[in-house]
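Peer 1: My structure is below; once you've seen it, I'll send some questions.
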């Protein structure tokens, strides 16, 4: 990549390509696909999302024991959350696309090779996370296929209600297993995108904040400039900071409610999967299949909490940069403008879900403790039922 030409939106290209395949990012109406995209979107989402959700939900309602209920809940609840996330992306699509223009505007404000290197490092980090999640999901799907192949009796990757008799005939079983696995592969693609796109946006916001901090820290050093010129440069940096804050608030609006539901969903999934693995009678392949699912669901929330802390960390660096610039030798008007920027930088860039819950590693720890508490409660219920 040419260091003189940095495009932050490059990190988002794969995400929006997948969203187009998922049926929520229509192309131009002049193309053949664009004219028929609505029908395509309906067929895709009904086939791969609604049908699989109905089968998971009906299977959950037909549970006749605590073990089967836990096994069904740990796939039904996350899938329901992913459908809500997909609807939310469709609802906020216009605002998210418009943020690309703001990112390109910030790209044009980069002033030196060091700043461009910061943005490039952020893009590479986002792409690395995307590839890592892809590999993890691919391993999970492959393990599920191995589990199906190695099973001594007809089975599917995850507990699902099928409205026809698929166990008595080899041909019916093979057709059902292929359809079910194909649907889960499509959903794995959806999970890949919904798990990684928030982190990509948050990383881009954080690296642009870091680049701005580098620019601000250099203010007043080097060759002396007229007071009017210094004020104009500072005003430009204040505008850059306002753009970053607009991006951050846009992300918060896009992610707030679904992130709140994700904490609850992940805690429930951790609790139910652990209960099923600890107290259910499962073979080694089934155990590994559910264990990989647990790792994927936990990693998704861990990644969200980690990337949500990056803008806050770089916001603190920007505050330090304001103090570090050579403001002592500047004019009174410059200092007044700097005080305005300083006041805004003192407000931490903390992403909040559901109005009150901060998205952070501390919240992730609280979620783990909540899952353990629920697991303890389920264990007490199990002991009571055995007595």
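Placed from the backbone N, Cα and C atoms, the Cβ positions cover glycine too.
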Peer 1: Same topological domain, and so the same side of the membrane, for residue 200 and residue 309 in Swiss-Prot?
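Peer 2: Domain labels match for residue 200 and residue 309 in Swiss-Prot.
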Peer 1: Kindly point out the range from 151-171, 172-192, 193-213 that Swiss-Prot annotates with transmembrane segment.
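Peer 2: Checking Swiss-Prot against the ranges 151-171, 172-192, 193-213, the transmembrane segment one is 172-192.
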Peer 1: Swiss-Prot lists transmembrane segment for one of the ranges 20-40, 41-61; which is that range?
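Peer 2: Spelled out, Swiss-Prot records transmembrane segment over residues 41-61, not the other listed ranges.
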Peer 1: By a Cβ-Cβ criterion of under 8 Å, what residues six or more beyond either terminus of the topological domain 'Extracellular' (358-387) are in contact with it?
Peer 2: 66, 70, 255, 259, 263, 266-268, 270-272, 274-275, 279, 301-302, 304-306, 308-309, 312, 350-352
Peer 1: Do any residues of this chain, six or more beyond the ends of the transmembrane segment (172-192), have a C-beta under 8 angstroms from a C-beta of it, and if so which?
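Peer 2: Counting only partners 6 or more residues beyond its ends, the transmembrane segment (172-192) has Cβ contacts under 8 Å with 18, 21-22, 47-49, 51-52, 79, 82, 86, 130, 133-134, 137-138, 140-141, 144-145, 148, 154, 156-158, 160, 162, 164-166, 296, 300.
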Peer 1: Looking only at residues six or more beyond either end of the topological domain 'Extracellular' (276-285), which have a C-beta under 8 A from one in the stretch?
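Peer 2: 67, 70-71, 74, 146-147, 150-151, 291, 294, 379, 382.
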Peer 1: For the topological domain 'Cytoplasmic' (307-336), how many residues does DSSP put in helix, in strand and in coil?
Peer 2: 23 helix, 0 strand, 7 coil
